[in-house]
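Listed in TrEMBL:
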{"type": "DOMAIN", "residues": "26-53", "note": "domain 'C2H2-type'"}
{"type": "DOMAIN", "residues": "54-81", "note": "domain 'C2H2-type'"}
{"type": "DOMAIN", "residues": "82-109", "note": "domain 'C2H2-type'"}
{"type": "DOMAIN", "residues": "110-137", "note": "domain 'C2H2-type'"}
{"type": "DOMAIN", "residues": "138-165", "note": "domain 'C2H2-type'"}
{"type": "DOMAIN", "residues": "166-193", "note": "domain 'C2H2-type'"}
{"type": "DOMAIN", "residues": "194-221", "note": "domain 'C2H2-type'"}
{"type": "DOMAIN", "residues": "222-249", "note": "domain 'C2H2-type'"}
{"type": "DOMAIN", "residues": "250-277", "note": "domain 'C2H2-type'"}
{"type": "DOMAIN", "residues": "278-305", "note": "domain 'C2H2-type'"}
{"type": "DOMAIN", "residues": "306-328", "note": "domain 'C2H2-type'"}
Amino acid sequence: MHNLSLSVATSSRAVHLNLSSKTKIYLCDFCPFTAINQALLRRHLLIHSGERPFQCFRCWKSFNQNANLKRHILIHSGEKPYQCNLCGKRFVQKGHLERHMLRHSGVKPHECIVCKKCFTQKASLRVHSLSHTQEKPFECFICGKFFLTKSNLKKHLLKHTGEKPYQCTICKIRFTTKSNLKTHLITHTGLKPYHCDTCGKSFRQKSHLQAHSLTHTGERPFQCGICGKSFTTKGNLKQHSIVHIKGKQHRCTICNYTTTKTTNLHTHMLVHTGEKPFRCSICGKGFTTKSNLKQHSVTHTGEKPFQCGLCGKCFTTKTNLKVHLKVHNKMPYHSIPLRP
């Protein structure tokens, strides 16, 4: 390695006379970078040397530039000096605010050359591009699993360490990621901010609403590459894939029933024991599952929470709604009695 601290003064390329302006410019020995003074060139050379002389006094993390250290310190102080004038959200860095503003404008300047999908951030495009190449460059040194992004690898490593750095201030439950904590906090407020336009049902998470919407359209976008079976959610497809990879792992000791989920096996065992732990508070009838109890409860209330998005007819159970939708599928579209 060159002595980079001396290369500013000793390099034959270090000082160059710009003939047009008759001013000196300083050239880097290792890349095309140019500087207007020695101080800027010295700071740039730290990139090549790997030297990080600026250290945080709180966590001892090091940086190659003082400006980067100053930005980092804001993380510890909690200070967020840059505020969005549209929604009020605050940011530690000006660059983060500028990227955030693209969400309000709707501008997505970074386009994928393969599928033409557009993104607000260049980093998001980079991650997306890996989905076309199937490349997963970040490897877990413990189990050997690969990931698309460094952040996904970091989240995964918490599973091995058992670390859960994000704690709920209300019930003290801990989480591995900040997003999981945010999702959990909604359970304390009771809010369900995401509403289905078709049936009016509300959800705590946007992803739950998206999955629910597929029940109205009948769409199953996630298909198994082995047997061709389709699913409404990626999670259901992953659960199904275990059947092909490892076989049905959990077997009933009394009959030939097998399942990939331990919860399914526990529920199945109630058939043999005769136990019905979920009891109706009105008539005392018992049920093996909580979902069966919920379906039964509406017979007392008269509630019909499942509404057809086409004709407006309501049903007590989701199954009855699905059966009803098949009637519409067989009818010519012009003869469907549309909802008022």
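Even glycines carry a Cβ here, placed using N, Cα and C.
Note that the structure is predicted; figures quoted are calculated from it, not measured.
With DSSP states grouped into helix (H, G, I), strand (E, B) and coil, the domain 'C2H2-type' (194-221) comes out at 12 helix, 4 strand, 12 coil.
Only sequence-distant pairs (6 or more apart) were considered; of these, at least three Cβ pairs between the domain 'C2H2-type' (306-328) and the domain 'C2H2-type' (194-221) are under 8 A, so the stretches are in contact. Over the domain 'C2H2-type' (138-165) the predicted model carries a mean pLDDT of 82.
Remote same-chain residues near the domain 'C2H2-type' (138-165) are listed as 127, 130-131, 174-177 (criterion: CB distance under 8 Å, separation of at least six residues from the stretch ends). Per DSSP, the domain 'C2H2-type' (54-81) is made up of 12 helix, 4 strand, 12 coil. Within the same chain, residues 43, 46-47, 90-93 sit at least 6 positions outside the domain 'C2H2-type' (54-81) and bring their C-beta atoms closer than 8 Å to a C-beta of that stretch. Non-local neighbours of the domain 'C2H2-type' (250-277) in the same chain are 239, 242-243, 286-289; each lies 6+ residues outside the stretch with a CB under 8 Å from one of its CB atoms.
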